[in-house]
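Below is one structure, written out as structure tokens; comments come after it.
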Amino acid sequence: MLTDEQARESLVVALDLDRGDALGLADKLRGKARWVKVGMTLFYAEGPSIVHEMRERGLKVFLDLKLHDIPFQVRGAARAASLAGADILSIHAMGSADMVAQARAGVEDAAQVRGGRARLVAISVLTSMDQDSLAEIGVCGTVAEEVSRLAGLSVRAGSDGVVCSPQEASAMRALLGEGALIVTPGIRPKGASVGDQKRIATPSAAIAAGATKLVVGRPITQATDPVRTFEALVGELLGA
């Protein structure tokens, strides 16, 4: 069973909002939440300052930029993202083992300046994709096979863990070991709308499967009372 602090540490609130709403929600969650996710839309609109503003509120930042480019560019981007204050940074495993290795080199470079290293998580198959989606882009293997292949490649190359759906969390834990960071989007409380996610689970089910961090967005950000919803999620985890 998780402690209250462990439950709060496991939840990552996805701030897929504009700057004003994101900061407003961060203020409401100050002292309650421990982590927020800043995605591409918010980061590209506001730049590194939005990461600084979250950290000023005592929040750790999962910077979900899904870096995917030639290795040289990814090394520079990973260094810059780390210096901006990212605590966790996402990259695409499909970029190759060399790209992942260069991302690791980038956050290591930044650690010499900032002290402490940002952790890397590699994305294997997006949670919005299913078997038909993979077939459309020419991937012949199953979702599970592709997730395992890319996860193993990325961790061997230097990532600290992976981003995967809750359905793959158990297999990832068995494959990557107890020390791996396993981040699962597609988290929905019981009774919540599925939205555009195709591979989802409840928070308690994801933790039981071996997930480390649970990314929750719309169920909190679109709630009438986001703080109450967040606390209900903490309560669900405490009762798991």
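Note: Cβ is positioned from N, Cα and C throughout, glycine not excepted.
TrEMBL does not curate its annotations; it predicts them automatically.
Within its own chain, ASP64 (active site, for OMPdecase activity) has ALA14, LYS37, VAL38, GLY39, MET40, SER90 as residues 6 or more apart in sequence whose C-beta sits under 8 angstroms from its own. Residues or ranges marked as active site, for OMPdecase activity in TrEMBL: ASP64 (among others).
For the recorded site, LYS66 (active site, proton donor), the DSSP three-state label reads strand. The active site, proton donor feature in TrEMBL is assigned to LYS66.
Taken from TrEMBL, the feature active site, for OMPdecase activity covers LYS66 (among others). Around the Cβ of LYS66 (active site, proton donor), the same chain contributes MET40, SER90, ILE91, HIS92, ILE123, each under 8 angstroms and 6 or more positions distant in sequence.
Listed in sequence order, ALA77, GLY95, MET99 are the same-chain residues at least 6 apart in sequence whose CB falls under 8 Å from the CB of ASP69 (active site, for OMPdecase activity). The active site, for OMPdecase activity feature in TrEMBL is assigned to ASP69 (among others).
The substrate binding site annotation in TrEMBL covers ASP16, LYS37, 64-73, THR127, ARG188, GLN197, 217-218.
Among the features that TrEMBL reports, domain 'Orotidine 5'-phosphate decarboxylase' is placed at 10-233.
Cβ neighbour counts within 10 Å, taken over all protein chains shown, single out GLY217 as the most crowded of the binding-site residues PRO71, GLY217. In terms of local Cβ density within 10 Å, THR127 ranks first among the binding-site residues LEU65, THR127. Around ASP16 (substrate binding site), the C-beta neighbours below 8 angstroms that are at least 6 residues distant in the chain are GLY39, THR41, LEU42, GLY217, ARG218, THR221.
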